[in-house]
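Going by TrEMBL, these are the annotated features:
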- 465-658: domain 'STAS' (DOMAIN)
- 39-63: transmembrane segment (TRANSMEM)
- 69-86: transmembrane segment (TRANSMEM)
- 93-112: transmembrane segment (TRANSMEM)
- 132-153: transmembrane segment (TRANSMEM)
- 165-183: transmembrane segment (TRANSMEM)
- 195-215: transmembrane segment (TRANSMEM)
- 227-247: transmembrane segment (TRANSMEM)
- 283-303: transmembrane segment (TRANSMEM)
- 315-332: transmembrane segment (TRANSMEM)
- 352-372: transmembrane segment (TRANSMEM)
- 410-437: transmembrane segment (TRANSMEM)
Amino acid sequence: MLNHVKDYFTCDARRAKNAALSLLPVVGWMKVYRIKEWLLSDIVSGVSTGLVAVLQGLAYCLLASLPPWYGLFSAFFPVVIYFFLGTSRHISVGPFPVLCLMIGSVVTRIVPDEGPALNITGLEGLTRDEQRVLVASSLTFLTGIMQLAMGILQVGFVVMYLSDTLVSGFTTAAAVHILVSQLKFTLEIIFNKIASTNVCDVVISVVIMVVVFVVKELNDRFKSKLPVPIPIEVIMTVIACGVSYAFDFKTRYGIDVVGHIPKGYESPIAPNLHVFQETAVEAFPMAIVGFAVAFSVAKVYSVKHDYTIDGNQELIAFGASNIFGASFKSFAASTALSRSAVQESTGGKTQIAGLLSAIIVMIVTLAIGFLLEPLPKSVLGAVVIVNLKGMLMQFRDIPYLWRRDKPDCVVWLGTCAAAILLGLDLGLAAGLGVELISVVLRAQFPRCSVLANIKGTDIYKDRKDYTDIYEPAGVKIFRIPSPIFFANIEFFRSKLVEAVGFNPLRVLRKRNKALRMIRKLLKKGDLQWTSKGFLNTSCGPIKESEDESNMEDLDLPTDFKDLPVRIDWSAELPANIVVPRVDLHSLVLDFAAVSFLDISALKGLKTALKELIRVEVEVYIVACDPHILKKLHDCCFFDDEVQSSMFFVTLHDAVLHVLDKHPESKEKRHDFDRIITTVTVHHPEGSLRSRDRNAPETRF
């Protein structure tokens with residue numbers, strides 16, 4: 001142990017170099033950067049992504065209930081930090097609508113649209129917008145701390161608990177929230193001024209949504225033929241800005257526009273610790289959602305372009321990005337699916353494209369932001385709504401999930417409904433709860449099956465799925481496709497009883513009760529043993545004894561020591577004694593899918609095996625994991641009744657052993673009903689090869 005600790009804390013040049021490369025992945029891919037092949041593609045991708053990032057930064061800021069230009073900060077600062085620390089080469093870091101909406105719900109709770117803000121130290125003396133910016137930046141700072149801490153503690157595996165189904169249901173519910181929140185920007189003025197027929201605002205909202213939707217559909221349909229997707233959002237934004245400026249929409253029609261965008265960046269601020277206390281509950285799901293979505297998108301592109309990403313390093317990258325960005329008044333960053341798709345589809349090879357997109361955002365912030373001042377907010381709302389199409393279309397997953405996997409469908413519906421009705425933070429927790437419950441139920445109630453041999457092979461499958469099968473007489477093969485633990489051991493035993501067709505404990509008690517009655521009749525002289533068998537010497541009817549004393553003795557193995565002969569339970573018993581008939585002589589348990597057993601399962605399994613053995617059923621366990629077998633030995637599982645000789649390496653070996661031991665189980669078979677045995681041969685050079693052995697043939 002001391003040597004392990006010493007090695008762990010020993011530092012040398014090699015370990016220092018590996019640590020630096022791990023912490024700064026940019027060094028690794030910059031060393032192999034192909035300037036002639038990649039630089040032009042990264043420049044084109046960076047410019048295209050930067051234009052989209054500017055528009056989405058302004059649009060998604062509405063979801064966070066902040067002044068629009070703060071969205072430009074969120075499209076710049078986190079990107080710069082991720083360039084150095086991130087492991088994905090293709091995702092576009094910046095505002096993500098779901099996170100923006102979660103921020104907006106916290107911001108409006110603490111600083112509502114009407115009425116005073118919560119009594120929090122540090123908010124006094126600030127304007128409403130300044131209060132909201134302070135709350136959003138402090139919340140983002142706390143989110144970043146949580147992500148950074150999880151990355152340092154190497155808990156990136158937490159994203160594995162968020163399945164694709166859960167994320168799909170959650171993002172669909174978030175899209176519904178976003179859709180509802182944006183209707184006020186596209187419809188509020190229309191209905192407020194419906195009496196004065198504000199045709200201008202109607203036309204702006206409808207035309208923007210229709211045109212953007214149509215062109216996006218064309219982009220999807222002809223993406224293989226188009227060199228780059230048509231940046232329709234940017235084009236329509238430029239047109240809307242020009243028309244709004246030319247006709248002075250703000251003055252003539254009272255349309256709400258983006259308004260003044262200050263030039264340059266603001267001074268950094270420190271987070272408010274009192275806001276930390278008010279928002280800690282909301283910050284954690286934001287940290288998880290932001291990382292989970294970004295990691296999911298990054299994983300798709302890493303597989304497509306054949307490189308690896310590190311979940312823990314991604315947590316560190318996003319944590320540092322959010323901490324740094326929050327200091328400069330940006331809000332939580334993740335990745336928008338549409339923006340990342342633009343960066344990848346326009347030829348982006350590395351995060352240089354992301355850095356160039358940040359430079360485009362910086363140019364807008366420092367120099368030409370004033371050109372966006374006449375942009376109507378209804379345009380931004382329309383762009384957000386149209387970009388929700390991908391998330392809203394996930395409703396189409398419901399029929400597919402219902403046909404393919406009903407528990408997954410329940411997870412999707414539960415997550416979506418909870419997130420819509422309870423809010424995104426509680427909805428995520430509820431969805432995770434539903435998912436964990438579904439996993440527990442799948443393990444607790446697995447689909448157990450009785451196997452049979454596929455004729456002419458050494459393959460055994462569920463007998464319900466095949467017709468041309470062979471089942472030896474008196475043999476049952478039972479398979480449980482899950483771990484056996486405290487929650488499903490009783491289910492396992494009940495399914496086992498159902499498979500064998502009788503309750504072994506009930507049969508054992510009946511047999512011991514019959515032996516007790518036979519002994520009593522022999523003692524009284526009402527029953528005698530002759531060369532022809534038992535002879536009933538009583539003149540009157542013999543009644544079954546109702547003596548239920550010493551019931552625990554009925555569970556013990558049958559004992560014939562005081563009897564003149566061993567009782568044949570398959571034959572007719574004397575004195576009209578009836579005991580349930582057992583036609584089964586061998587039971588094979590397939591443990592190939594059993595990954596672990598806990599202590600409760602060990603006790604329940606041993607009890608079940610003893611009950612079967614005591615009614616003269618031979619039990620065999622096949623394909624048991626070596627670690628489980630070792631645990632059985634360590635826990636003193638074996639005794640005089642349950643012995644280690646019941647274990648076989650393969651199912652076919654066990655069946656052949658049973659048939660050799662019980663020849664009466666064999667049936668007449670046709671010439672084509674042959675078992676082809678596949679053997680694995682180990683060659684001297686260390687390779688493993690399989691060959692079919694046709695002679696000698698193994699027949700049932």
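Residue positions begin at 1 at the first shown residue.
Backbone N, Cα and C atoms are what each Cβ position is placed from, and that goes for glycine too.
If you count C-beta pairs under 8 angstroms between the transmembrane segment (352-372) and each of 69-86, 132-153, 227-247, 410-437, the highest count goes to 69-86. Highest Cβ pair count under 8 Å relative to the transmembrane segment (227-247), across stretches 39-63, 93-112, 132-153, 165-183: 39-63. Within the same chain, residues 69-72, 74-75, 92, 94-97, 100-101, 103-104, 178, 181-182, 185, 228, 231, 233-234, 237, 258, 331, 336, 338-339, 342-344, 346-350, 352-361, 364, 372, 375, 377, 380-381, 383-384, 387 sit at least 6 positions outside the transmembrane segment (39-63) and bring their C-beta atoms closer than 8 Å to a C-beta of that stretch. A contact between the transmembrane segment (165-183) and the transmembrane segment (93-112) is present, since 3 or more of their C-beta pairs, 6 or more residues apart, lie under 8 Å.
Within the same chain, residues 23, 61, 64, 66, 70, 73-74, 76-82, 85-87, 93, 95-96, 99-100, 103, 133, 136-141, 143-152, 155-156, 265-266, 268-271, 286, 290-291, 294 sit at least 6 positions outside the transmembrane segment (315-332) and bring their C-beta atoms closer than 8 Å to a C-beta of that stretch.
Away from its own ends, the transmembrane segment (283-303) comes close to residues 87-91, 93, 96, 98-99, 102-103, 139, 142-144, 146-147, 150, 156, 158-159, 162, 164, 167, 170-171, 309, 311, 314-315, 318, 322, 332-335, 337, 340, 344, 424-425, 428-429 of its chain (Cβ-Cβ under 8 Å, at least six residues beyond either end). Relative to the transmembrane segment (69-86), the listed stretch 93-112 leads the set 93-112, 132-153, 410-437 in CB pairs under 8 A. On the 0 to 100 pLDDT scale, the model's mean across the domain 'STAS' (465-658) is 87.
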